[in-house]
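Working notes for the structure below.
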């Protein structure tokens, strides 16, 4: 999951204006993602053709993002627009991600092994890049949420580690383009940016190193809950209701997942 899905909302909660939070997070992401991408590149995990088509579509629209936000209106209007856009993007990503998990389970284990080399789909991959780049350029969210879900749908046989590697490699020029436009329009706050880079760089490096050792199913279910709760919070849902939704989501989601999984495991065996 992209850092923007967590970093940007966290900065907003801490009192940083939404437009400034997006700008600073994008600049930090340009540094942090480069570290993770370098690790995955050295280990040969990215699918370079897929990453190339994504970059071709995403870089121009990502650069346009800050200028679109500026055209919305005054500073208050821009902040409201960005905050709402982030909340909606996170809820869409959470819903799509949850649907993808259920779809994988329903289809059976063959498509989840990730052992087959996928056939590249240039046009659809390019269009995903265009939409994903626009999301990132507007909100800083999308390079590791919206883009990742789209890759899961387009390339179901691409293994988990290769999926992460491909997403990180394509995200570097994407966030650099988005960061450049936001620096031009908004500028950066060094008191916010420096701690983000100092904390995020080692965290990204560590995450890339342990990607093969972490149970993917647990992480994916956790991602759905985190994205949904963050999106609700940014859309103005009261904290008490967000907390209640989190508890219900964890309990009900776990029970539903186990029941669904048991049912389809039985179908596979029979």
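Cβ from N, Cα, C; glycine included.
Quick caveat, the model's predicted, so the values are computed rather than measured.
Transmembrane segment is the annotation TrEMBL gives to one range among 21-40, 241-260, and that range is 241-260. Sequence-distant contacts of the transmembrane segment (241-260), counting only residues of its own chain at least 6 positions beyond either end whose CB sits under 8 Å from a CB of the stretch, comprise 102, 105, 221, 224-225, 228-229, 232-233. The stretch from 50-69, 81-103, 123-156 that makes the most Cβ contacts under 8 Å with the transmembrane segment (168-186) is 50-69.
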